[in-house]
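Features as listed in TrEMBL:
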TRANSMEM  A:20-49  transmembrane segment
DOMAIN    A:20-439  domain 'DUF112'
TRANSMEM  A:61-82  transmembrane segment
TRANSMEM  A:106-136  transmembrane segment
TRANSMEM  A:148-167  transmembrane segment
TRANSMEM  A:203-223  transmembrane segment
TRANSMEM  A:315-337  transmembrane segment
TRANSMEM  A:357-378  transmembrane segment
TRANSMEM  A:390-407  transmembrane segment
TRANSMEM  A:470-488  transmembrane segment
Amino acid sequence: MDALSALFAGFETALTPINLLWALIGVTLGTLVGVLPGIGPALTVALLLPVTAKLPPVSAFIMFAGIYYGGMFGGSTTSILLNTPGESSSIITALEGNKMARRGRAAAALATAAIGSFVAGTIGTALLTFAAPAIADIAVQIPPSAKFALIMLAFVTISATFGGSPLRGLISLFLGLAVGLVGTDLQSGQARFTLGRPELLDGIDFITVVIGLFAVGETLYVASRLRKDKASVIKLEGNASMNREDWRRSWKPWLRGTALGFPFGAIPAGGAEIPTFLSYTLEKRLTRHPEEFGKGAIEGVAGPEAANNASAAGVLVPLLTLGLPTSATAAILLAAFQQYGLQPGPLLFVTNADLVWGLIASLYIGNVMLLALNLPLAPVWARLLLIPRPFLYAGILVFSTVGVYSLNNSVFDLFLLALFGVIGYGMRRFDFPVTPAIIGVILGPTAESQFRTALQQSNGDFSIFARQPLTAFILVVVALALIVPPILRARAARRAIA
Amino acid sequence: MQDVPPSAHPDAPLASATGRRGVSVPDLLVALGVTGLGLLLLLGTFQIPFGINAVVGPRVFPLIVSVGLTALGVLLTVNALRGDRAEPAAEEDTDPNAPVHLEAAGIVLGGFLLGTVLLPTLGFVIGTAIMYFSVALAFGERRWGLMLVVSLLVALVTYEVFTRGLGLNLPPGVLKGII
């Protein structure tokens, strides 16, 4: 019951007219930017950070909540009408939803995605409401060595376990860690890797890295191999809506997708990709219309889209309770917290209860707003897909410039932005995933500080990492996650040859 | 540098499985670059002074990172020498089978750097207008008048919204007093 009374207090914060307005602005901007091709939810949040620069923290985070969920909703529109998933968790929606749209069922595909996202988002937020305080209570007792081990687990699962090449993922992670090293060491005051530049004493701002790798890198890469034929945007007649048959076929996939998505978001296991694939496979197995799969089955949109949004809610559990982001978007939210001098983690529920609960309450509100924004206004968002690419990408670059320049009013940061843009280009060209680098930049300094705190408490005795039971257990899992997949792969390859 | 992408096969299971076609020079250079960066970091690590009164000094973590990056770079180099090559990413709005136009990326980058250099003196509006114009140019837009008007308009509206609406401090430059 404790969580409920705290939630009511949160609603009191979130339901003030001014905060409702920020929530509305957040969901609108989030949807708007999320719909634009080439911009996923992570970049949406990063690009919109400067917009909140002058807001008080509570309003800023209420707005972030809207942007976060709004970016997810907007992405499904792009996937369905343009067949271009902005991120790996939208691949299934693009696959099945675009086929539906091609068969003239765009309205139903958009509706089942939006309503499914609403259902999953609301249930996921409810689970977050009750799980988060409980986990925060336990998390207070986790020692620094185990926190370090948890961060290692997040590093390994995000960079090495999934994705095409574990090696490339790990290299991306280490590049991020290296960038995170630049600046003054907070514990000893020593300058590290600053090349004598005073601008680097404060370190490299994660926003510069995120916007450089994502936005500038993307612009450079797309410019170099632009698709010349016009992208075929499917025209949408009228609102997003579903008939009785669609409802009958959608509601169970929504619930099953939610059940799959939330736990996968909540454990540090590499985000929303896995549950969307699992949900798709599950629906394919359970459906009474297997012949429609691959040709536009509504279950194949409803389930994965719900899984995607439920995992977005699940991601907030480790973020708020442990300060542990399990997706690129969550990592940027974490960094946004840090900009306000707040450290997400178990203590946040004690020291900033009004902020956390205002944020959680605004997730419920944002979900309702998004439903209202997305069903009747779907044709409006669809028009955004028609913006000519030269003007769209030029606009993205200008907004990137504002975001980075306004950090420190420094031209030096813009040169850094260009540098990370070139690196981002290279990463796309040579198939290095960007997300591990982002996680490395943002979480690297935290990892180092937990590592050193743990060793200081043990007076420099490294065996603390083996003696503390929870730490040892997590580190064994980390080692297994690193070692087992390559062995399995090698064995499978040998069997294929034999 | 004409950089033709390897015949992209969207259904190919793994780049490494299909990519045994001799050593790819760009891939090798990237792998050596990663290794070199790791070694440079290692060098930088040894220039960090030892911390005083600290059980774990400021050197330990950089040491782990630089040794790790170097080792991973060596692994990547070995793979590249064995014929692995990276499959360029397929993004929204890209065509994996189109010829690669590095000069378009060069125009974007050049425009961005030019705008950045001029930004303090000419001001934010003109600086970002140059960037906007060059991206539009690189993406194949050729309606010059429209490009000019839209560039200036987007830059101006962005400036006004962020300085007046959100209270950010952006340099007006030569347009000081006018905007």
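Placed from the backbone N, Cα and C atoms, the Cβ positions cover glycine too.
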Do any residues of this chain, six or more beyond the ends of the transmembrane segment (A:470-488), have a C-beta under 8 angstroms from a C-beta of it, and if so which?
142-143, 145-146, 148-150, 152-153, 156-157, 160-161, 166, 454, 464
Stretch with greatest number of CB pairs under 8 Å, the transmembrane segment (A:390-407) reference, A:20-49, A:61-82, A:106-136, A:203-223 candidates
A:203-223
Flag the pair the transmembrane segment (A:148-167) / the transmembrane segment (A:20-49) as in contact if three or more Cβ pairs fall under 8 Å (sequence separation 6 or more).
no
Among A:20-49, A:61-82, A:203-223, A:315-337, A:357-378, stretch most in contact with the transmembrane segment (A:106-136) (C-beta, under 8 angstroms):
A:357-378
Please work out which recorded stretch in A:20-49, A:61-82, A:203-223 has the most C-beta pairs separated by under 8 angstroms from the transmembrane segment (A:315-337)?
A:20-49
So what's the average pLDDT for the domain 'DUF112' (A:20-439)?
88
